[in-house]
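**Q** Mind having a look at this structure? Questions to follow.
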Amino acid sequence: MAEKQVSSLPAKLINGGVAGLVGVTCVFPIDLAKTRLQNQQGVQVYEGMLDCLSKTVRSEGYFGCYRGAAVNLTLVTPEKAIKLAANDVFRQKLSRDGHLPLWGEVLAGCGAGTCQVVVTTPMEMLKIQLQDAGRLAAQRPVPTPAQAAAPGPAPTLVAPPPPRPSPPPRASAMGITAELLKTKGLAGLYRGAGATLMRDVPFSMIYFPLFANLNALGREKLGDVQARAPFWQSFMAGCGAGSVAAVAVTPLDVIKTRLQTLQKGAGEDTYKGIVDCTQRIMMREGPSAFLKGATCRALVIAPLFGIAQGVYFLGVGETLLDLLG
């Protein structure tokens, strides 16, 4: 059966929001591992994704893998809704007689990636601080049981050394937001906006045209009416296009993560901007550093966008609006 895929804007927003919530819940621990691996410079706390997740569970508990998830779950609804809805709107506007050329698909993806940065930048900014806190804590020296049980020093007239500073209190999204707004203003939440734009626009330019073509394989089209893709095809097309686009822009994601990380570990570089960050990573860590977290990123993005497109094409938003109407 053929049907024309035209949805209302509210339905598109609902679909994008539901898809984002489901997807993030499923893959957030892998995203946390990606952030921690990308931020490693000198001290190698983690040897890989599985090592990072196992150490996180041992030191922070199972829910430690979801540090920063509340920020994502709160803001992923508008972020994914804007991204998917904007792409759909741009595709409809750029279509001529039901046909969208490749340049139109790329331009629509570019527009979608640009629109989402308004929400993505502060979301990523807060999420990264919370995700990376466990890695920074793991770098701090921990006294051995023998040191902890050792008796205090003998009485002496010499003044005792100053006590070691206690570890900083556990950060929260609200605390970070308040501090950034107080010290940097609104611009503090949009630190790394240029790097985010540099990552998300190429991602969308690759993802959306590739997804549209994979999703259209084997589907009959009469005029501007095309058969709706089955769930499995939308899901697999989203996974395939997402993984390709994710790996392709991983170097840009590494730069963005490094720029947005406020707290650095001992001996780790701070950066003045995109060019400075790129040069320092290349000189001190080599070209392979630009692919840190590439496997994690593919494992995050593939199911995230597979679920998103599956929900989108299943028409969850349309069904919900029909029930409410």
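Each residue, glycine too, has its Cβ placed from N, Cα and C.
Copied straight from TrEMBL:
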- 7-93: repeat 'Solcar' (REPEAT)
- 100-217: repeat 'Solcar' (REPEAT)
- 139-172: region 'Disordered' (REGION)
- 139-151: compositional bias 'Low complexity' (COMPBIAS)
- 152-170: compositional bias 'Pro residues' (COMPBIAS)
- 229-318: repeat 'Solcar' (REPEAT)
**Q** DSSP on the repeat 'Solcar' (7-93): how many residues come out helix, how many strand, how many coil?
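**A** Taking the repeat 'Solcar' (7-93) as a whole: 73 helix, 0 strand, 14 coil.
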**Q** Between 0 and 100, where does the mean pLDDT of the repeat 'Solcar' (7-93) sit?
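**A** Within the repeat 'Solcar' (7-93), the model's average pLDDT equals 87.
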